[in-house]
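Presented below is the structure to which this report refers.
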Amino acid sequence: MRGPPVAKPLVLAGLACALACGLFLTLGARGDWGFVLAFRGQKLAALLVVATSVAWSTIVFQTVTGNRILTPSIMGFDALYLLIQTALVFTLGGVGFAALGQRLQFGIETALMLGAALALFAALLRRSDDLGRLVLTGIVFGILFRSLSSLLNRLIDPSEFAVVQAASFARFNAVNTDLLWIAAATTTVCVALLARRSARLDVIALGRETAIGLGVDHDREARRAMALVAVLVSVSTALVGPVVFFGLLVSALAHAAAGTWRHAVLLPLAALISATVLVGSQTIFERVLALETSVAVVIEGLGGLVFLALVLKGAAR
Amino acid sequence: MIETQSLCVSLGGAQVVHDIDLTVERGRLTALVGPNGAGKSTLLAALGRLVPPAAGAIRVDGTEIGRIPSPDLARRLAILRQNAVIAPRLSVADLVGFGRYPHSGGRLTAQDHDIVRDCLADLDLTDLAGRYLDTVSGGQRQRALIAMTLAQTPDALLLDEPLNNLDLSHVRRVMAVARARAETGAAVAVVLHDLTVAARHADHIVALKSGRVFASGPPEEVVTPEILSALYDTPLEVHDIAGKRVVLTV
Ligand SMILES: Nc1ncnc2c1ncn2[C@@H]1O[C@H](COP(=O)(O)OP(=O)(O)OP(=O)(O)O)[C@@H](O)[C@H]1O
Ligand SMILES: [Mg+2]
């Protein structure tokens, strides 16, 4: 099982990522360096957490479902998270919701998300050999969650709506740093658990029957991997809001650059590429062009183009 | 050795394999034959724990198959599916290397590499080892999948139509490899459509029709014009040529 040389893309992506991070921290900084670095460092850490969780959740999701087009966010996972959040505001009221505090909100939302996602996957994975059905079901779910979420938004009190609205758009320039440390810890745990499974993920990528033939308890492993995906999606959505096509952009780049099927290489490479793109475009737009709001638009636009290209090429696998 | 007792298997809500009692003995090559839709693949998938039985029992060397932990079973039993789909972009050698996963996890030892090399050579794939699966021909791909199954070095080898897409010389090669595995003590079951090949290479033939055992026994007993014509509902001739049985459609 010796693949092509794999160290090179990892090293290159590592250098690019380090460069992007360096520029992000230092470019255009004036005044007290200690303050600037502390302030920017926190923001950088948040971006890195988001980049990692988007990259890993997308790659793992695609491996388990055996496709390269569908991602957790195209399937409306982040929309599901927002739906849960809106439903909480709806039931508890804006005041009750705020009284929970951000961390408890995050904990409750993630727990609910885990349950909902597992139920969804169980239904989805039963026939995951049927790719057309899988993609279609995924997209229908995505639309359903978004519509339900906006319906609930209309039903709740306008003053409470403000609480929810703030969370409903991707915002890379104003990441939620209150949740940063708990999010970073959660992501680290998920990453560690998935990294330990990287060889098993390689086998799962061969398909259900082949994986069972090689002694991997496919259904149990798929459920566990998907639970971790759900937690990672919760993390990134809580920090920056929903991003639909970014994961797809990252996975397409990582698969093209890695030239290997080994998750031990694919996953770290995807995280590095994801961080480079996110931090790099943030640096360019915020520091160089001073266009703070456009990052999400550009990243999503690029990802959308990749989505179109994949669909037109029919490169579902 | 694999044995079944009153085995029934259902697919999509309908029972397609009924009440099968069969033994795939170690040291023997057992051929499964029968018309399309007879249930050969379904039976083999059940023997390879890919489909759970609806009723009855399957035992591997005396132990109920469901009681053997799956990593353990993967070291003892390997199955080739009729329509294996491999999605990722892998080289032939990588694919065959996955056959060692049950033994070594993701890290191949020197011994694993030797086994992979031997399996590649057995299937005449040495020159294609570095080629990607999506760039080889149908028959070469089929041989790569067979080599992966062999690399699991199982005591029970189940091959569903391994001769699909193969030319004459590779038919002979694959049957010789299957026989060699049987002679080293493995229990080998092979689904075949070519009855001449079955008569020539198998020690024991099980003929399935409509999900039931229609006939079973040594080739001399099963490969007769009467049994085969009734099995396939079409007239078939069996000729003796230089002491070998040859089956012809009329
Ligand atoms: N997923 C499924 N759902 C329902 N019925 C199925 C399914 N797969 C196969 N069958 C039916 O089960 C029966 C046995 O199928 P099986 O694939 O075992 O036949 P086979 O003997 O291997 O045939 P072939 O020679 O064509 O490979 C057939 O009647 C088939 O139509
Ligand atoms: Mg079949």
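Numbering starts at 1 and runs along the chain as it is shown here.
Cβ coordinates come from backbone N, Cα and C, glycine included.
The transmembrane segment feature in TrEMBL is assigned to A:44-67 (among others). A Cβ distance under 8 Å defines the sequence-distant neighbours of the transmembrane segment (A:44-67), meaning residues of its chain 6+ beyond its ends; these are 21, 24-25, 73, 124-125, 128-129, 131, 134-135, 172, 175-177, 180, 183-184, 187, 190-191, 194, 201, 204-205, 207, 222, 225-226, 228-229, 232-233, 235-236, 239-240, 243, 246-248, 250-251, 254, 263, 266-267, 270-271, 273-275, 277-279, 282, 316-317.
Taken from TrEMBL, the feature transmembrane segment covers A:79-100 (among others).
Annotation source TrEMBL lists transmembrane segment at A:106-125 (among others). Taking Cβ pairs closer than 8 Å, the transmembrane segment (A:106-125) reaches residues 64-65, 77, 80-81, 84-85, 88, 100, 134, 137-138, 141, 179, 182-183, 186, 219, 222-223, 226-227, 229-231, 233-235, 238 in its own chain, all 6 or more past its ends.
Annotation source TrEMBL lists transmembrane segment at A:134-152 (among others).
Among the features that TrEMBL reports, transmembrane segment is placed at A:179-195 (among others).
Note on the transmembrane segment (A:227-254): residues 46, 49-50, 53-62, 64, 68-69, 71-74, 77-79, 81-82, 106, 109-110, 113-114, 117-118, 167-172, 175-176, 179-180, 183, 186-187, 190, 193-194, 266, 269-270, 273-274, 277-278, 296, 299-300, 302-304, 306-307, 310 of its chain, located 6 or more positions outside it, place their CB under 8 angstroms from a CB of the stretch. According to TrEMBL, the feature transmembrane segment maps to A:227-254 (among others).
What TrEMBL lists as transmembrane segment is A:260-281 (among others). A Cβ distance under 8 Å defines the sequence-distant neighbours of the transmembrane segment (A:260-281), meaning residues of its chain 6+ beyond its ends; these are 3-4, 6, 9-10, 13-14, 16-17, 20-21, 23-24, 44, 47-48, 50-52, 54-56, 58-60, 63, 172, 194-195, 198-199, 201-202, 205, 246, 249-251, 253-254, 295, 298-299.
Residues or ranges marked as transmembrane segment in TrEMBL: A:288-312 (among others).
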